[in-house]
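What TrEMBL lists as transmembrane segment is 20-41, 48-70, 82-102.
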């Protein structure tokens with residue numbers, strides 16, 4: 001008699017084990033170490049280095065979302081994933097709105113013609 005385990009049961013067995021947390025921690029350490037070494041030894045030109053580190057940071061965020069927050073591994077309604085993307089939307093609105101307000105205030109407080117006159121004194 002064979003004992004077949006369904007995919008959902010396999011996910012439940014894998015969910016929250018020391019092995020899954022260990023793998024997530026190890027992969028995060030590897031990404032962090034690679035980023036540090038690339039910067040410490042000036043491995044790439046500055047523009048390429050920025051793109052490489054941004055890519056490694058994105059990959060590390062995905063690893064942490066999967067292994068530590070278990071995003072995308074819940075049941076059918078996918079409420080956790082929905083709430084996560086809603087949180088990203090709210091965060092994007094707050095950041096873009098704050099930058100917009102600060103830029104607008106900067107232009108209102110420091111008009112272009114006053115800035116050039118202040119530098120000539």
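Backbone N, Cα and C define each Cβ position, glycine as well.
Automatic, uncurated: that is what TrEMBL annotation is.
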Tertiary contacts of the transmembrane segment (20-41), as residues 6+ beyond its ends and Cβ separation under 8 Å: 14, 49, 52-53, 56-57, 59-60, 63-64, 66-68
Beyond the flanks of the transmembrane segment (82-102) by at least 6 residues, Cβ under 8 Å: 65, 69, 71
